[in-house]
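Let me begin by presenting the structure, written as structure tokens, before commenting on it.
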Amino acid sequence: MVDNLEPLEPSLQNLVEQDSLKWIFVGGKGGVGKTTCSSSLAVQLSKVRESVLIISTDPAHNISDAFDQKFTKVPTKVNGFDNLFAMEIDPNAGLNELPEEYFEGENEALRVSKGVMQEMINALPGIDEAMSYAEVMKLVKGMNFSVVVFDTAPTGHTLRLIAFPQVVEKGLGKLLRLKMKVAPLLSQFVSMLGMADLNADTLSQKLDDMLRVITQVNEQFKNPDQTTFVCVCIAEFFSLYETERLVQELTKCGIDVHNIIVNQLLFLQNSHDSCSMCASRFKIQEKYLDQIADLYEDFHVTKLPLLEKEVRGPESIRSFSENLMKPYEPKAKPKE
């Protein structure tokens, strides 16, 4: 009987101890504390993994604020840590953000291939954003981090991120099928401009290499031993609704999800000591916590507190991250 089963551990300890994981996504509705949770998870992982990378794919780039340190599109070591790195990417940048070295070649024609690829990719709806992720994935895989944590944008962007390997596989497949038709035209065009012949094979080899990496990533994303998703929510109707939608979409995409963080909870020790608003909020949260318990009885549900002060800076995150590993218990108030 299901009722006789022990409830799952209410923490993220299961993820930290699963050393086969390569990709961990953290996402949910805007304003629920995803960045604090993803940063805290990365800190805990850094205790047991050789090297950890946290990537922000949210255009707001809150991990710079969370760690109180400026990050860029290049992995940078987080202050106070030896093996934790962070980077921020713009998911809307597409190929414009790719490094120039990627397009370097022996002839001048190859150097114009960036513009050619951009035009070809623009003809395939939805692939521009996906290609940005694709190149990041290629770079990240080459760096051999033990585990990568994604601090994702609000739900809509997140679902596109999850789907990007399939989008890129389809798009690159189309590009490669088109190459034999397009290459002769390009060769004529560049010869008219007095440039050297365009080496179409060199260009298509780059696409082939990227497709190989993306196919590999796509397989890993659908492997629960290597990829999982952590949903972050608060105990309110709209957040719970968004979480259920996200869980269903992830399941449809074949992405593993078995951890939910409920953030910003009130832990009232004595209802007589609380103000009427706190008592009211506490009752509302209790109602939605009961619904979460019913909906996600086969999930690890981690409950995190609403704090008096914001969580900012490496030491503050390090301290808060302990709440991911063992259930939060409010400190007893000193007697007056």
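A Cβ is built for glycine as well, from the same backbone N, Cα and C atoms used for every other residue.
Its own atom aside, the Cβ of LYS29 (ATP binding site) has 21 Cβ atoms within 10 angstroms in the protein chains shown. LYS29 (ATP binding site) falls within neither a helix nor a strand when secondary structure is assigned with DSSP, and so counts as coil. What Swiss-Prot records for LYS29, GLY30, GLY31, VAL32, GLY33, LYS34, THR35, THR36, GLU236, ASN263 is ATP binding site.
Residue environment of ASP58 (active site) contains 24 other Cβ atoms, counted within 10 Å of its Cβ in all protein chains. Annotated active site per Swiss-Prot: ASP58, in sequence order, evidence recorded as sequence analysis.
Look at Swiss-Prot and you will find CYS275, CYS278 tagged as Zn(2+) binding site, backed by sequence analysis. Secondary structure from DSSP puts CYS275 (Zn(2+) binding site) in coil.
You'll find the Cα of LYS29 (ATP binding site) roughly 28 Å from the Cα of CYS275 (Zn(2+) binding site).
Put simply, THR35 is the one of the binding-site residues GLY31, GLY33, THR35, GLU236, CYS278 whose Cα lies nearest to the Cα of ASP58 (active site). GLU236 (ATP binding site) counts 17 other C-beta atoms within 10 Å of its own C-beta, drawing on all protein chains shown. Straight-line distance linking the Cα atoms of GLU236 (ATP binding site) and CYS278 (Zn(2+) binding site), rounded to a whole number, equals 14 Å. Reported as a whole number, the C-alpha separation between CYS278 (Zn(2+) binding site) and GLY31 (ATP binding site) equals 20 Å.
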